[in-house]
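K.L.:
So that we are looking at the same thing, I have put the structure below in structure tokens.
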Amino acid sequence: MTIGALALRNIRGNWRSCCAFFLSSAFSVMVFYMFAAFRFHPDVMNGRILGADSVRQGMMFCQYIIIIFSVLFVLYSSSAFIRTRRQEFGLLTLFGMTRWQLRRLIVYEHAGIAVSAIGLGIGSGIAFSKLFFMTLEVLLDREVSIIFTVPMEALGLTVVCFALLFAVISVWAACKTGHGKIVDMLEASRKPAEQADFSHGLAALAVICLGTAYGLALSINMRNFPLLAMPVMISVTIGTYLFFTQFSLLVLHSVQRSSRFYYRRTTMIIVGQLSSRLKSNAMMLFLVSMLSAVMVTASGAVYMMKRAVQFDGYRTQYENAQGLMGLTMFIGLFISLLFFMAAGSVIYFKLFTELREDQAHCKALSRIGLTEGEIRGIVMAQIGILFFAPCIVGTVHALIAMKALDNLLMLSNWSYSFAVIGIYLVMHTIYFLITCHDYTNSILRGAFGHRMGRNL
């Protein structure tokens, strides 16, 4: 069997872990193409649309964001895809595959996924371009309709950018995998969890940093904004990171010392496993909470800025301002949607990276007498905490940020802010239910096979 045929068989056999990587890549390609198609649209290039230069600059700004997002997003999904298959790579090496052949296999797999993702992404982008153009027509508040077209410049730019991105990531993944030892690969899922230790001083520093950041943010006005903006951002970033790496472990340690609560039913198992999971997932929780905060804040900020545009007596200037604010709102909502997808996907990838380890835990729990319902409850509780802890922290950050914007712009629009947060929580809950159902069933099927699989 050739390396190419083996790569194709591996993609089919590992479709569950491969699917998340493939779909996230295709989504990034689709979004990038739609913005490129509008940027290179003939009506925008020849100035037929009022404010075309500003619109083109806005689209270019969005494309820069998409590129940065795509690099981080595809890199993270590729890393998760590789980590879930370390034992497989160890077995292939044990059976005689050389390091060079293993690296070629990884490059071929990434190449196959890349070609398919670019094809699906561009095809989906072309299919949704008309709807994308119609949405921009409404938000730009223009009477001129934007005709449907497929600019060749957009196609070429999309293919070149993502071909280079996938080439770099595939080489990086191959080099990273080739350096591992066979024993480490084979025992990847058997390594004991790290001891979840913490520092009382750093836990207290987390509270101090967040309290300082919130206090400074609530005191921001037009005069002191340049002076306080950077300290607020630095304090909230440090405080959030320490909150998940130190303070959360302190809270769990306090729960473990409460015998009345800790020894109630399955609480001991949930808290015990959470201690090690929070230690290994601290960076992920930090990233998701910051993404959530940016997403909710961006949605509220662009709406408040749009309200701040006042009619100044000159129709053309007012229409230009309204159109540009419509574009700003579109960019803000787009960034919010992008960050929502990123936050949910980061959790999804992290969970399925630990799938085999959780299956082994479930087998061990069943041997000591726990029922299927109790095991399902333990898994759902742990996933729920991993999903909603960063969501709640990010929402609190966003509320403080929107209050600071109220003071800065001298506007008050809490009804819209709470509506944005409500929509976000509903979408996050739906995503949690879908992921929890899929992940729980995968754990029980892998741990107990057909015996429990028929009852799911």
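Just so it is clear, glycine is given a Cβ too, placed from its N, Cα and C backbone atoms.
All annotation found in TrEMBL is predicted automatically rather than curated by experts.
These came from TrEMBL, pasted as-is:
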- 64-174: domain 'ABC3 transporter permease C-terminal' (DOMAIN)
- 18-38: transmembrane segment (TRANSMEM)
- 58-76: transmembrane segment (TRANSMEM)
- 111-134: transmembrane segment (TRANSMEM)
- 154-175: transmembrane segment (TRANSMEM)
- 196-220: transmembrane segment (TRANSMEM)
- 232-255: transmembrane segment (TRANSMEM)
- 282-304: transmembrane segment (TRANSMEM)
- 324-349: transmembrane segment (TRANSMEM)
- 377-402: transmembrane segment (TRANSMEM)
- 414-434: transmembrane segment (TRANSMEM)
K.L.:
Cβ pairs under 8 Å with the transmembrane segment (196-220): which stretch of 111-134, 154-175, 232-255, 414-434 has the most?
P.N.:
232-255
K.L.:
Cβ pairs under 8 Å only, please: of the recorded stretches 111-134, 154-175, 232-255, 414-434, which one is richest in them relative to the transmembrane segment (18-38)?
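P.N.:
Top-ranked stretch among 111-134, 154-175, 232-255, 414-434: 111-134.
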K.L.:
Checking distant contacts: for the transmembrane segment (414-434), what same-chain residues at least six beyond its ends satisfy Cβ-Cβ under 8 A?
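P.N.:
Result: 292, 295-296, 299-300, 303-304, 340, 344, 383-384, 387-388, 391, 395, 398-399, 402, 406.
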K.L.:
Can you break down the domain 'ABC3 transporter permease C-terminal' (64-174) into helix, strand and coil residue counts using DSSP?
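P.N.:
Across the domain 'ABC3 transporter permease C-terminal' (64-174), DSSP assigns the residues as follows: 94 helix, 0 strand, 17 coil.
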K.L.:
Would you report the average pLDDT that the model assigns to the domain 'ABC3 transporter permease C-terminal' (64-174)?
P.N.:
81
